[in-house]
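As annotated by TrEMBL, compositional bias 'Basic and acidic residues' applies to 332-342. The region 'Disordered' annotation in TrEMBL covers 315-347. Residues or ranges marked as repeat 'WD' by TrEMBL: 9-50, 51-82, 93-134, 135-176, 177-218, 225-259, 260-292.
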Amino acid sequence: EDPSLERHFKGHRDAVTSVDFSRAKKQLASGSMDSCLMIWSMKPQMRAYRFLGHKDAVLCVQFSPSGHLVASGSRDKTVRLWIPSVKGESTVFKAHTGTVRSVHFSSDGQSLVTASDDKTIKVWTVHRQKFLFSLSQHINWVRCARFSPDGRLIVSSSDDKTVKLWDKTSRECIHSFCEHGGFVNHVDFHPSGYCIAAGGTDSTVKLWDVRMNRLLQHYQGNSVVNSLSFHPSGNYLVTASSDSTLKILDLLEGRLLYTLHGHQGPATCVAFSRDGDLFASGGSDEQVMVWKTNFDADDGEVVKPQKYCSSVDGTHGTGSEMDGGIHHKKTKTQDSVRTHEQQEEETSLANTLEHIMGQLDVLTQTVSILEQRLTLTEDKLKECLETQQKIIQNKTN
């Protein structure tokens, strides 16, 4: 069965720039050039929330791993953290001296990485929105920055035509991939953390092994690649292109699987849900579309999220459109030995931790909002006192 259009959301008043699902797939966030962040309910007949706060185009949105926060970055140079509820409260921080193009939470939800036209990548703590450090070796706008699944690495892509790999602890650039022939619009880690995929204005998608720093796969398209997203199994990659299409690549076979036409005008962003059953896309046609993946569910090995990547091994092929022409060796993971009970225990523990993290998120946000209000009150008080002083001085004069 081919991927099929499931839902269609209309409400933005300008091009959609970014989409992301919450963990439980109950909500979908989207950002737009109309300066709004919207949260759509995946339940039918539920209303959407429009969040206002940014003073200019919202270029990136992402749910925190727990789903209790949404981060957004904007052309107004700020980052906002929102509580995705009816009130839509947010805290704002001046993040960069240029447009913020990318926001991404670490998988433990503790850190946030942002990328900007000021040519820097910055890392922040989520709970205090405290600035930790900057990475600055790019010599042009930074379009995208992502944490590796284990949080030890950061990958970034830029208009300087490079993709850079950084060590979060030493804060050093470990490697620069310079094989792109144009601006690199988007980059992301494979779920295994062992390889990365990048796409850009040279109409290619390239996959590199980050342990050996070598090119694994190369897909030649015929239009600018604006965004890409890995299926949680690590076996598929979806891309959004300026020729209005979404393309699904089969990474095990190294070939183009589907080309989907839905948007009128450039497809600007695309993202799989956390379980891979759905993916969402946004376009310059102001529309947000949700697609049902419909990959072969009976072929268990393909769609089951694997803890470790079945090693994607191959040589650089330059086949026809979006065709990698690559041979693969699949290796069984040692992970399948764990017992069912262990897995269940781990899942329930993870869920409990997730819940605690979520509550922490909300607490942090509340404290942060209170701090902001307190600062406002203090400022007002200061103003009042200064006015009083002036009145007294005028009287005595």
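Every residue gets a Cβ built from N, Cα and C, even glycine.
TrEMBL annotations: computationally assigned, not manually curated.
Across the repeat 'WD' (260-292), DSSP helix (H, G, I), strand (E, B) and coil residues number 0 helix, 20 strand, 13 coil.
Within its own chain, the repeat 'WD' (9-50) has Cβ neighbours under 8 Å at 56-63, 65-67, 70, 72, 74, 80, 82, 84, 86, 88, 268-275, 277-278, 280-290, 354, counting only residues six or more beyond its boundaries. DSSP labels the residues of the repeat 'WD' (93-134) in these numbers: 0 helix, 23 strand, 19 coil. Confidence for the repeat 'WD' (51-82), expressed as mean pLDDT, is 95.
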